[in-house]
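K.L.:
Checked TrEMBL, it gives:
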- A:18-35: transmembrane segment (TRANSMEM)
- A:40-57: transmembrane segment (TRANSMEM)
- A:63-81: transmembrane segment (TRANSMEM)
- A:93-114: transmembrane segment (TRANSMEM)
- A:120-138: transmembrane segment (TRANSMEM)
- A:180-201: transmembrane segment (TRANSMEM)
- A:230-250: transmembrane segment (TRANSMEM)
- A:262-290: transmembrane segment (TRANSMEM)
- A:310-334: transmembrane segment (TRANSMEM)
Amino acid sequence: MVNFIKDRSSRWTLPADAWIGLLVIIIAVAVPFVIQSRYLLGEVILALIWAGVASQWNLLFGYAGVFSLAPMAFFAFGAYATAMLSYYLGWSVWLSIPAGAIVSIPFSLIIGLACLRLEGVYVALLTFAVAQMMYLLIVTDTGCFQQIGGSCVQFTGGATGFSDFGDFGMRPLLHQYWMIGNYAVVCCGAFLTMLVSWIVIRSPMGLAFRAIRDNPGYAMARGVNRFRTHLLVFGISAFFIGLLGGLYAVHFQAIGPTVFSLSQLLFVIASVVVGGVGSFWGPLLGAVVLTGADEFLSDFGEYRSLGLGLIITAFVVFLPRGLVGEIVHLFALWRRKRQSHV
Amino acid sequence: MDNRRGLLKRSAGVGAASIGLLAGINKASAADAGKPIPVGSALPLSGIAAADGVEYRNGLTLAAEEINAAGGILGRPIQLHIEDTGNMGPVLTTQAMQRLIDRYNVPAIINGYNDATNMAEMDTAADADIIFSHYNTLLSANTKFNSNPKKYYGCFQGCPPEYYYGVGLLVYLKTLMDEKRWTPANRKIAIIPSSVEYAIVIANAIRDKAKDFGWEVSLFETVPFPNNQWGPTLAKIRQDTPGVIAVTHPLPQDLAQFALQFTPQPTNSLLYMQYGPSLPAFRQIGGKATTGVIYSTLIGCVPDEFSEQFRHDYTQKFGPNSTYLTGSQTYDALWKWALSAAIAGGPGEPYQKAQAQKIAQVMRQLVYRGTSGTSRVDPDGQSAYCYPTQTPDPSLGMPHQFLQVQDATKTPALIAPDLYAQAKFVTPPWMS
């Protein structure tokens with residue numbers, strides 16, 4: 001009975017995760033010492049943010065089976081809430097970032113109440129529609145909420161968005177090394193997101209997510225409420241995605257409606273696909289690989305997008321388990337082979 | 001009394017003097033001779049603005065070739081490095097600029113425009129103490145500069161901000177009426193922006209100043225960006241005919257659609273658009289329906305004697321379908337920076353604040369006559385002065401050019417400012 005929700009690799013998962021986690025932390029600490037370029041450090045920051053968002057989407061889709069296309073809506077909500085709280089109320093970003101993450105929860109629950117009674121592709125369609133509706137509401141907001149000089153500021157920032165609402169305060173503190181300070185903050189945020197993901201996945205709550213995903217009928221018969229469980233995972237992921245949205249807005253000191261673009265959403269989804277759907281380390285590896293590939297392809301001008309598309313297609317066709325999935329698969333094959341020899 | 005010929009003669013003198021000045025300075029210094037100077041540009045070479053991005057690259061290429069042929073900057077040739085900003089926005093644009101700084105050590109970045117960036121790229125430039133010149137045509141760039149002039153000392157907007165489109169239109173309409181060249185059907189104005197900052201700021205400027213010029217806003221309708229379905233908006237216009245229709249949405253293909261959907265059942269209104277019609281796609285798509293449309297641009301090659309050589313060289317090099325109007329912007333910007341760097345004693349490198357400040361100081365002082373008219377820095381926002389809305393002296397401001405499509409098969413005619421005009425305003429066919 002319990003077998004279907006028990007991770008087959010549970011005998012080695014914990015120590016393996018601990019070792020990988022340690023390695024990741026060592027690499028993260030070493031990065032600012034190895035990378036001197038602000039640009040490359042900026043790319044690493046962006047990869048970490050997308051890795052965090054992808055890990056939450058992985059929690060939603062890979063573990064709980066909710067095919068939601070709302071992550072960029074949560075991301076934007078957290079980012080806009082952070083920007084607006086600092087811009088209009090003058091809050092420190094250190095206060096507005098967690099506040100933005102917290103208000104993302106009720107926002108996600110409202111969306112969840114409307115969408116999560118549906119299943120599969122219908123959830124995807126409705127959540128995508130919500131994100132697009134948010135985009136349209138923002139860009140068509142033209143009413144003057146504030147007049148600054150000759151410029152009109154709309155309540156939502158309109159098509160312009162918000163900028164200069166505050167930063168992490170690293171420039172006066174670290175001078176030319178301010179980017180390292182930003183890196184440290186984003187790193188902490190991304191790792192916190194992933195740590196909580198890991199705890200959720202390994203907890204009874206995570207078991208319930210997987211049970212609903214793998215056999216909803218059976219899980220419901222055992223007393224797991226599908227709607228409530230999906231609502232819960234929606235709320236958890238919205239909090240962390242909103243947090244990352246706030247970090248993103250403050251790092252770039254700007255947020256605008258371009259954050260709703262389809263390419264951003266596809267990058268998050270592609271990170272999970274490349275890394276491996278339903279594998280904990282997959283989103284991180286996927287985001288790093290795709291960011292690296294994007295950087296490499298940036299020298300090829302207009303072929304950049306084509307190259308990225310080909311990479312993602314190649315993974316879908318030839319490595320459907322994703323990188324981590326393939327590594328785990330190969331490791332399992334090797335173990336089986338070794339055991340058969342013994 | 002000033003006249004067009006006199007102005008052009010003086011302008012041509014200034015232009016020739018600029019090139020001569022560069023050659024003279026080059027003779028005086030041979031330090032680091034031959035070592036290329038990397039100059040960066042972050043342009044939208046793919047995505048929705050790719051057509052403009054390519055022209056911006058062309059303008060830079062031509063200017064770099066001419067500067068290098070004149071001996072470069074203090075004997076050092078310019079080497080261009082261009083990064084693609086794709087669909088633009090703050091992330092892609094700042095990443096591209098940071099890459100130029102880190103990878104190529106560029107002391108200056110000359111951009112065209114990058115949309116929806118919130119001017120975040122000014123921080124990237126300021127953090128690295130480089131000179132940053134751009135044509136975003138945004139009032140928010142001025143506002144950001146004014147928020148901290150010490151930080152953004154090296155950031156220059158090569159043209160006036162878009163705000164002057166709005167005020168400039170009202171000034172031009174007043175001129176038409178004062179000189180009895182046009183009598184409006186009524187004093188109502190319909191304003192139609194799309195949901196982008198650029199269009200909205202212009203629309204707001206018209207709306208906010210309309211009353212001062214005796215106009216009543218009869219319709220203010222924001223359409224999505226992009227938008228080619230104008231039926232509902234036109235229905236409102238036809239219900240309450242305005243004397244003037246001002247469409248501030250900038251995309252040429254959409255504006256052509258507006259003209260196509262407006263002309264079958266026109267109203268007795270003057271039809272004004274901005275910037276978009278200056279691109280060939282407007283007339284190519286709109287055809288005869290575009291005849292009579294008035295538009296304006298705050299920045300672009302003035303089709304006068306001064307720019308004749310540039311237009312010839314540009315078209316020869318990049319083909320008859322190239323748009324020198326766009327390429328002229330980065331062409332002028334690179335020339336102005338090169339002259340300023342030479343006068344200041346060299347281009348410097350990123351993070352060399354003292355040298356960057358010297359160059360910025362020269363750029364502020366140098367009144368440069370380029371192919372787009374006179375570029376003089378307004379200290380209030382560090383953008384170019386606008387003539388005639390902001391300064392009455394044409395030798396001290398960039399002309400806000402009003403053009404009219406008088407024959408859809410030919411290049412539109414420059415009808416204002418009078419000093420530069422090649423033709424007179426003609427009553428649109430649907431009004432006669």
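Note that Cβ sites are derived from N, Cα and C of the backbone, with glycine treated the same way.
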K.L.:
Between the stretches A:120-138, A:180-201, A:262-290, which one has more Cβ pairs under 8 Å with the transmembrane segment (A:40-57) than any other?
P.N.:
A:262-290
K.L.:
Which stretch, A:63-81, A:93-114, A:262-290, tops the Cβ pairs under 8 Å count with the transmembrane segment (A:120-138)?
P.N.:
A:63-81
K.L.:
How about long-range neighbours of the transmembrane segment (A:180-201): same chain, 6 or more residues beyond its ends, C-beta under 8 Å?
P.N.:
17, 25, 28, 31-32, 41, 44-45, 48-49, 51-52, 55-56, 58-59, 63, 168, 170, 173-174, 209, 236, 240, 243-244, 247, 251, 280, 284
K.L.:
Taking A:63-81, A:93-114, A:230-250 as candidates, which has the most Cβ pairs under 8 Å with the transmembrane segment (A:262-290)?
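P.N.:
Stretch with maximum Cβ contacts: A:63-81.
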K.L.:
I need to check the long-range neighbours of the transmembrane segment (A:230-250): which residues 6 or more away from its ends have a CB within less than 8 Å of a CB in the stretch?
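P.N.:
Here the qualifying positions are 49, 52-53, 56-57, 59-60, 63-64, 66, 68, 71, 74-83, 93, 96-98, 100-105, 107-109, 111-113, 116, 162, 165-168, 185-186, 189-190, 192-193, 196-197, 200, 205, 209, 212, 259.
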